[in-house]
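Trainee: Mind looking over this structure? Questions follow.
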Amino acid sequence: MRISTTSCLCPFLVCLCFIQRCYGASHHVPAKVPSKNQTKLANGETEVHHRPKRGWIWNQFFVLEEHMGPEAQYVGKLHSNSDKGDGSVRYILDGEGAGTIFIIDEVTGDIHATKSLDRERKAHYVLHAQALDRHTEEALEPKSEFIIKVQDINDNAPKFPDGPFVATVPEMSEVGTSVLQVTATDADDPTYGNSARIVYSILQGQPYFSVDPKTGIIRTALANMDREAREHYTVVIQAKDMAGQVGGLSGSTTINITLTDINDNPPKFPQKNYQLYVPESAQVGKPVGKIKANDEDLGINADIKYSIINSEGATMFSISMDRDTREGIISLKKPLNYERKKTYTLHIEGVNTHVDPRFSYLGSFKDTATLKITVGDVDEAPVFSIDHYIMDVYENAPGGTEVGAVTARDPDSRNSPVRYFLDSKEEVRNFRIDESSGVIRTTQPLDREDMSWHNITVMASEIDNPGLLSHVPVTVQVLDVNDNPPEIATDEEVIVCESSRPGQVIQTVTAVDKDDFANGQRFSFALPSQLPVNPNFTLKDNEDSTASIIARRRRFNHLTQELYELPIVGVGRRGAVAERHQHLDPAGVPVPAPRQDPDVPRRGVPVLRGSQHGGTDRHPAVHRHPAGHCGSLHHVEAEQERAPYHLRRGHPRERGHLR
């Protein structure tokens, strides 16, 4: 900002030149030739002349900035003590601005500024002065440097280089709480006058805020400013130079101040009593309703922890806060049953999770409300009396035998009739159910040895609403009856050596029974009592469900008899009898004796004929003989009578008996 110099008082600069003459005292000395500075007097004395020392005579030069007058501005005068005022001295000026901004009268030494200067652009100029003898151009004074300073005027207003500003301060802050410091700058000379001396004041924002006039620190001026009542404030700060005096220049800036939130408000339910309808079919773990307590605070200061504080409600329901809406979400913990309980009363509490102890005097930061939940009746599927039925039935029981019954009822108050049916066609093949009574019966005899357990599924529905189904598993155990006789289990070939001795064990016989024996199968064995005593073999019961076939004679000859039949009777624990007999019983124990092939030379090794299974000859398994190897096989002539016999199965005449 430029100020006209007509409003300012221009200083008058006067250069005073002093010529000091120094007179020295007279000295009486011997006569000498007078020097150039001495004069011989008549009385013989000599007068000494003291010439003043040459030099520049000037004071500090100043020029007032922003001079706008019609005439050039007088700056000052250069003067040498060699100047007698007769015009014999010529003054010369050079340096910064010489000849353009500053001109000098070469006779008088007066300096003038021809242009308006701005101190903020250039505060001083360095020039050089020289005094010459006008006639000889001889330098009368050495070339000297001097400075012209541009004198400041108050032509710059204070500025806030960083404005406008944004600041925050917590609500409810105490008076004097610092908000922000603002700083203004002034381009004028801070070392001269008050042009750059700034004072701060508040133009807008009272009575809420104040500013320190020297430091520019903005502080709160009003206690208990509430963000919920007013959140934003606009403050205007002025900076004025000349120490704030009248005529000083000023600048201003704006500060937008926002009150930040603190937890100074408790949660509050809009009403004390609420009602909620929940159907009894509501799923466990799913939300069934919501409730909200309002909190005027923001962020974490508005977080609320909801809880159900009475046992009746807490047993059946849970509540949690939705992070986005801050609502209390009510969820179901256990299934509802309209027929058992039709209403629930929940006492719900909402508590702030971040409480500021400074505001405990405001009271407890929580609130309560009552929620009454009405359970709605829903048509439900029938409910079975138990979750799993286990039944049993004896095998071979005739079709139509009752196995058991299932029971289901309508849980609704209407108590509608229920009908039953089986789920799978496979189950219908063995069982059927009375659709009215739920009685399960067999459709055919069951065989435990074929399947001992049956798993079926029974479904129930209301007659009025067949679409609502319920299911229950039913397990049926088939109980055993003694319907399977023992069976001789010996299938191996038995080799009988021609050289067998009396008492030698030929084979061990075992039996099996497909029926169920809780303590294990027990069998006994014997030869048929109605038959005469067998002269060749006997049978010994080992009393461990096995029997041993024992030879009674010393030698056997396969040429005399090839096969022997031995009838065996096996008796089970329950009295069941298994008898092996020729042609009828497939479990007879044949004992064939090998014979020499007629195609083999007499001195060749004998060939043992095995069982004829599938037309394949098999050599007898000699190592299976309980008595060990029958002996080495040699030429027929030498060892023919030691060729072994063996038991075999197959053709009716070759199985079931030893003979």
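Using N, Cα and C of the backbone, Cβ positions are placed for all residues, glycine too.
Copying in the features that TrEMBL gives for the protein in this structure:
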DOMAIN    80-160  domain 'Cadherin'
DOMAIN    161-269  domain 'Cadherin'
DOMAIN    270-384  domain 'Cadherin'
DOMAIN    385-488  domain 'Cadherin'
DOMAIN    488-608  domain 'Cadherin'
SIGNAL    1-24  signal peptide
Trainee: Across the domain 'Cadherin' (270-384), what is the average pLDDT of the model, as a whole number?
Mentor: 93
Trainee: Within the domain 'Cadherin' (80-160), count helix residues (DSSP H, G, I), strand residues (E, B) and coil residues, in that order.
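Mentor: Output for the domain 'Cadherin' (80-160) reads 0 helix, 36 strand, 45 coil.
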Trainee: In the domain 'Cadherin' (270-384), how many residues does DSSP call helix, how many strand, and how many coil?
Mentor: 16 helix, 51 strand, 48 coil
